[in-house]
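S.K.: Below is one structure. I have some questions about it.
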């Protein structure tokens, strides 16, 4: 969610068959030997816990930076810009560390090529819309409602698959999308009934859902420009974003806001900013680990369960009281998302096992 969506989506696409092996992810066991069951189970448990911790911590940190009453920093674009700049710097630093040997030895050498940067620019525009709308949604809604507020990504996946890729969707998958839409509107209704509804947050949540879907499509189109390297794409995307954010921050007066910000010289503020950026960068890596040690389907199920845990933690942490229907809306969104993931997983497995289906059609099954 947030800043790391591009990295996460790109690594997911690579795990599903796009691009080469990720140099930062551990190699499979050599010689065809499998680790003992207990060791494999422990490793999976550690990876899943690491993914949950990183993802949830990133959301809470971003909420603090974007909307903390004690911080009082009204500069969401600057927060996003800083995280993009830190991600680009980390990519470059890892590339420079390639000479140090494992685990960085397989990383591509990063250098700024203006021609490649221009080719990546359309994706960068979508990327800016995605990370900005994600952060603005989080700024205007509570962490507990954040998952519901931007829950229409699956629905936009189906819509864009039909409009752009001419791919149809099964009845069961459409029914799952209907449950998600119902949960979304019930959640909006209950937020309004409790007096905590922000239409600005809802707008940016819907926009974020659309941009996440568009980002997945454009990532697949742009990856060949960077030789299928998700790390090179991440580097160029974040460099472009940093350049494009500057005029936006000027237009919205965020430099003036920063000039009057009383904690601009505070080490604790910059520590939190840096920590948020590191978590944003790390989520892509731990997502790749979770997919590698489980499966794309299990990753999506884990993400759904993580969203449920995140909602419960937010309600407890912020000492909120929610109605039965509010919880029902969350369960509908989570249940619909799980059902869609399960249905698409079964459909993809059936396609993979069908000898009459061409390999190209197998790779393009759904968004």
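Cβ coordinates come from backbone N, Cα and C, glycine included.
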S.K.: Looking at 8-30, 77-99, which one is transmembrane segment according to TrEMBL?
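M.R.: Of the candidate stretches, TrEMBL labels 77-99 as transmembrane segment.
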S.K.: Quick test of the contact rule: Cβ under 8 Å, at least six residues beyond the ends. What residues does that give for the transmembrane segment (41-65)?
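M.R.: Same-chain residues near the transmembrane segment (41-65) but 6 or more away: 1-4, 35, 71, 73, 79, 135, 138-139, 143, 146, 272-273, 275-276, 279-280, 282-283, 286-287, 289-290, 293-294, 302-303, 306, 309-310, 313-314, 317.
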S.K.: Mind checking which residues of the chain, 6+ beyond the ends of the transmembrane segment (144-164), have their Cβ under 8 Å from one of its Cβ atoms?
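M.R.: The answer is 1, 59, 134, 137-138, 173-174, 176-177, 180-181, 183-184, 187, 191, 196, 201-202, 205-206, 208-210, 212-214, 216-217, 307, 310-311, 314-315, 318, 320, 322, 329-330, 333-334, 336-337, 340, 366-367.
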S.K.: Based on Cβ pairs under 8 Å, which of the stretches 77-99, 171-188, 200-218, 269-289 lies most in contact with the transmembrane segment (120-138)?
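M.R.: Result: 200-218.
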S.K.: With Cβ-Cβ distances below 8 Å as the criterion, list the same-chain residues six or more beyond the ends of the transmembrane segment (200-218) that contact it, or say none.
M.R.: 5-6, 9, 13, 122-123, 126-127, 129-130, 133-134, 136-137, 139-141, 145-146, 149-153, 155-157, 159-160, 164-165, 188, 367
S.K.: Which listed stretch (171-188, 230-249, 269-289) has the most C-beta pairs under 8 A with the transmembrane segment (77-99)?
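M.R.: Maximum Cβ contact count belongs to 230-249.
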S.K.: Within the domain 'Sugar phosphate transporter' (43-340), what mean pLDDT does the predicted structure show?
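M.R.: A mean pLDDT of 89 is what the model gives the domain 'Sugar phosphate transporter' (43-340).
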